[in-house]
Amino acid sequence: MADKCSEGLLNGTVPGERGKQDKSVKRGNWGNQIEFVLTSVGYAVGLGNVWRFPYLCYRNGGGAFMFPYFIMLVFCGIPLFFMELSFGQFASQGCLGVWRVSPMFKGVGYGMMVVSTYIGIYYNVVICIAFYYFFVSMTRVLPWTYCSNAWNTPDCVGVLDGNLSSRAALNLALNATQKRTSPSEEYWRRYVLDLSDDIGNLGEVRLPLLGCLGVSWVVVFLCLIKGVKSSGKVVYFTATFPYVVLTILFVRGITLEGALTGIMYYLTPQWDKILDAKVWGDAASQIFYSLGCAWGGLITMASYNKFHNNCYRDSIIISITNCATSVYAGFVIFSILGFMANHLGVDVSKVADHGPGLAFVAYPEALTLLPISPLWSILFFFMLILLGLGTQFCLLETLVTAIVDEVGNEWIIRRKTFVTLGVAVAGFLLGVPLTTQAGIYWLLLMDNYAASFSLVIISCIMCVAIMYIYGHRNYFKDIEMMLGFPPPLFFQICWRFISPAIIFFILVFTVIQYRPISYNDYVYPPWAISIGFLMALSSVICIPIYAIYKVCCSEGDTLLERLKNATKASKDWGPVLAEHRSGRYAPAFSPSTESHLEVQPLQPEKSRSEAEAASPVQGSNGSAHSQDSRL
């Protein structure tokens with residue numbers, strides 16, 4: 001059906017009509033569709049695919065976890081992904097501008113911005129730690145190989161320290177009176193972090209981490225210096241090379257002794273757990289968070305698509321690629337962990353970990369057992385850097401696009417680079433406290449609270465606003481106008497009933513399964529947990545505050561009239577290019593609508609002097625738009 005429509009509606013034209021440009025000169029577009037797909041893959045595929053999914057898999061029944069995981073992908077992940085892509089592409093606006101569809105819910109867009117700000121701050125700190133490990137791996141012997149360093153304690157037992165591997169196995173297996181600490185763990189805690197004893201005791205800034213944080217922000221800024229025009233070229237490398245590294249590590253991993261044990265531990269299904277609600281909750285949460293729903297990034301990336309791009313096809317490709325990457329990464333991780341467990345003579349569960357513990361403790365220790373260990377370490381941390389940068393690009397672009405689209409005048413559009421620089425500098429300064437001796441405590445606090453249940457609430461309200469306030473019939477017609485065919489019946493049912501129900505289930509599961517955060521043996525004090533909840537609420541509270549503000553500012557004599565006017569779509573809602581506005585979106589050319597529409601010249605080959613001679617139209621935001629007088 002899509003192919004048939006694309007033949008009859010090439011760039012929105014009908015037979016005999018002059019071909020339309022389908023380009024936004026004002027905002028810009030992706031150079032081609034491959035750039036958008038690679039950017040979206042880089043955004044969705046992040047560090048969580050490497051260090052969270054494999055852990056969830058073996059904790060929740062191994063291969064049995066795959067069943068609820070793919071069920072949630074089909075009924076929640078792909079539909080939500082398609083909804084956000086189509087939402088941003090139809091309006092060609094960021095996470096704020098799209099809420100012209102129902103202005104009272106613009107607080108959802110502000111909530112997305114707050115969430116992306118929090119994630120962007122601490123995510124780049126994780127990237128900077130990966131940069132640090134990448135740089136220190138450029139040596140003949142990895143610094144966390146032996147226990148003979150100044151930062152090591154008497155409890156340190158290295159697997160390569162002479163005949164101490166048997167002692168390590170004994171301590172790991174019995175774990176009786178003495179707790180064995182590995183060289184990689186002491187290097188991580190006592191040297192890299194120089195960890196303080198409390199979240200309130202910031203201590204000093206770790207200068208090596210601060211320098212690496214500066215490097216990571218400079219890299220992100222340079223890649224986004226021209227917006228999607230520059231980042232679209234960078235993703236050819238950042239989105240594809242991690243798969244090359246994963247494949248190299250996979251081939252090396254499966255050739256090691258004990259690798260099969262680790263892979264079997266990862267995949268062996270425990271079918272009795274399939275009836276456990278916690279398994280289904282973990283599967284739904286992992287799908288929801290790993291695809292980046294409700295962050296605002298999907299809406300932003302899709303807003304740079306051409307109007308008639310087949311985002312339905314893209315959503316399926318990107319979602320499946322993301323989940324397949326998670327499964328593939330599990331093979332890579334557990335082949336190495338199986339080899340390490342075999343070397344120590346212990347069960348895989350004794351060496352498996354998740355989160356930073358897997359990336360910066362367990363896996364680096366396993367790498368020391370491989371021949372030419374610095375090479376494998378460099379490859380592994382280079383892969384982490386690229387995976388993190390792919391997500392960070394979209395987080396920063398989400399904030400910049402929202403700011404530029406909201407101001408909307410020519411002055412800020414021409415100076416978008418300076419907006420990007422300002423956001424990057426602010427992100428660096430806000431990330432400095434995370435490089436102190438208590439930085440890891442704050443990083444995990446932000447990770448656990450800033451982007452947890454708040455994302456679920458934002459996504460649920462977005463579904464309700466589009467399907468039930470704006471109206472599912474209106475939205476289905478919008479998609480048909482854009483793609484040439486309405487969304488399949490399956491997606492219509494999911495958007496209206498199934499996906500919101502699953503989102504609500506995730507929210508309930510998150511509340512029921514809530515446990516106060518801790519880091520190893522450290523338990524967070526109540527005041528720190530209170531700050532975590534405030535961070536979570538800071539994004540959600542934007543929704544009711546803006547809704548109240550909008551209702552108060554709307555026209556009407558009664559509350560019901562004000563409410564109706566506040567939820568009604570704005571006159572400038574719809575395709576941003578005048579050539580795509582037909583039917584109920586046909587422009588009336590009032591000042592309120594012209595200020596937000598980009599009118600393309602009928603003859604693109606006109607000289608610049610003719611374009612400048614066009615009559616300027618003063619927009620509602622005070623900017624003058626040069627338009628062809630015949631339009």
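In case you wondered, yes, glycine gets a Cβ from its N, Cα and C as well.
Candidates considered were CYS128, CYS147. The record in TrEMBL pairs CYS156 in a disulfide bond with CYS147.
Away from its own ends, the transmembrane segment (240-267) comes close to residues 38, 45, 54, 57-58, 62-63, 325, 328-343, 348-349, 370, 376, 379-380, 382-383, 386-387, 390 of its chain (Cβ-Cβ under 8 Å, at least six residues beyond either end). Comparing C-alpha positions, CYS147 (disulfide bond) sits nearest to ASN49 among the binding-site residues GLY42, ALA44, VAL45, ASN49, SER290. Other residues of the same chain near the Na(+) 1 site, with their Cβ within 8 Å of the Cβ centroid of GLY42, VAL45, SER290, ASN322, LEU387, are VAL41, TYR43, ALA44, GLY46, GLY48, ASN49, THR325, GLY390, THR391. The stretch from 108-135, 287-304, 417-443, 489-512, 524-549 with the most CB pairs below 8 A to the transmembrane segment (36-54) is 287-304. The recorded stretches the transmembrane segment (449-469) and the transmembrane segment (524-549) share 3+ CB pairs below 8 A when only pairs 6 or more apart in sequence are counted, and are therefore in contact. Distance noted between the C-alpha atoms of SER290 (Na(+) 1 binding site) and CYS156 (disulfide bond) is 36 Å. With pairs at least 6 apart in sequence, the transmembrane segment (524-549) and the transmembrane segment (66-87) have fewer than 3 Cβ pairs within the 8 Å limit; the two do not touch.
Cα-Cα distance from LEU387 (Na(+) 1 binding site) to ASN49 (Na(+) 2 binding site): 9 Å (rounded to the nearest whole number). Within the chain carrying the transmembrane segment (375-396), a Cβ under 8 angstroms from the stretch's Cβ atoms is held by residues 39, 41-43, 45-47, 49-50, 116, 119-120, 123-124, 126-127, 130-131, 133-134, 137-138, 142, 216, 219-220, 223-224, 231, 234-235, 237-239, 241-242, 245-246, 248-249, 252, 292, 295, 297, 300-301, 359, 363-364, 367, 420, 423-424, 427, all 6 or more beyond its ends.
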